[in-house]
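Participant: Got a structure for you, questions after.
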Amino acid sequence: MSAIDSLPPLREVIARHGLSARKSLGQNFLLDLNLTAKIARQAGDLENCDVLEIGPGPGGLTRGLLAEGARHVLAIEKDSRCLPALAEIAEAYPGRLTVIEGDALEIDPLAHLTPPIRVAANLPYNVGTELLVRWLTPRDWPPFWESLTLMFQREVAERIVAQPGSKAYGRLAILAQWRAEARIAMQLPPGAFTPPPKVSSSVVHLTALPEPRFPADPDVLSRVVAAAFNQRRKMLRASLKGVAPDIEDRLIAAGIAPTDRAEQVPLEGFCALARQVATR
Ligand code: SAM
């Protein structure tokens with residue numbers, strides 16, 4: 001197979017820079033450049049976009065994003081050992097890669113990005129979930145991003161795209177599907193990574209909708225959904241008692257049976273309930 005760029009193979013880069021994977025940083029690297037190019041293609045047409053990449057590591061996905069034509073990639077990496085390898089990539093793509101060393105949970109990247117912006121990342125799963133929730137919950141919509149292309153462990157990916165009536169359906173599904181289109185774009189076995197993690201992974205692609213599917217206040221919806229799924233086995237009239245004293249009436253007004261459980265209520269129902277809770 002032909003390489004996607006003129007840079008050395010990633011195994012060589014890793015050996016030369018001593019980038020042994022660290023568990024504490026959730027380092028499971030993708031070394032197959034055909035695979036990273038394929039993931040980059042899932043992010044959509046990058047030609048006129050800035051791409052925010054979190055956790056580039058030795059730069060496999062970064063190289064994919066640049067080879068697929070991203071206008072500019074801003075990469076945030078916590079592990080300073082990776083910076084020399086990333087500097088070589090920046091040199092091969094003059095003016096198109098900026099690397100910031102630091103913790104993505106603490107850095108505001110927006111000053112360095114010009115819309116339209118897409119996000120792509122193969123991140124440690126805990127950091128990925130926390131960032132996903134942040135990216136999905138701004139007060140104002142549309143958000144700064146047009147799409148998110150993110151690697152998750154398969155079980156988390158299934159929670160993002162889950163439908164009512166399934167065990168995986170919960171807060172993450174509702175947050176993701178209320179204002180975005182979410183789908184699983186690729187499945188990857190553990191052996192795709194070096195070292196291999198214990199579980200399979202999935203690439204999830206989310207596209208921001210121009211506006212929410214159903215009207216609701218984001219903070220009220222978040223509160224209602226969190227309460228409903230915190231006690232997901234209880235009937236809603238019990239799990240939502242703390243949300244409003246007359247919750248039974250409000251459930252009925254929203255078209256939901258007070259004896260239903262959270263798992264049975266579709267997104268539209270939760271939005272209707274959030275509107276009922278918001279009215280006095
Ligand atoms: N993207 C590379 C790849 O696909 O081969 C590396 C993936 S590895 C699963 C996760 C990367 O995220 C590592 O390089 C790790 O150092 C970095 N990382 C971990 N926590 C981070 C954080 N809070 N902020 C930024 N980068 C982080």
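Positions of Cβ are set from backbone N, Cα and C atoms, glycine also.
Automated prediction, rather than curation, is the source of TrEMBL annotations.
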Participant: For the S-adenosyl-L-methionine site that TrEMBL gives with N28, L30, G55, D103, N122, which of E77, E146, E155 also belongs there?
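Facilitator: Record check against TrEMBL: S-adenosyl-L-methionine site with N28, L30, G55, D103, N122, extra candidate from E77, E146, E155 is E77.
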Participant: Near N122 (S-adenosyl-L-methionine binding site), which residues of its chain come within a Cβ-Cβ distance under 8 Å, counting only those 6 or more away in sequence?
Facilitator: N28, L30, I39, G55, G57, L61, L150, M151
Participant: Among all protein chains shown, how many Cβ atoms are found within 10 Å of the Cβ of D103 (S-adenosyl-L-methionine binding site), not counting that one?
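Facilitator: Other Cβ atoms found within 10 Å: 11.
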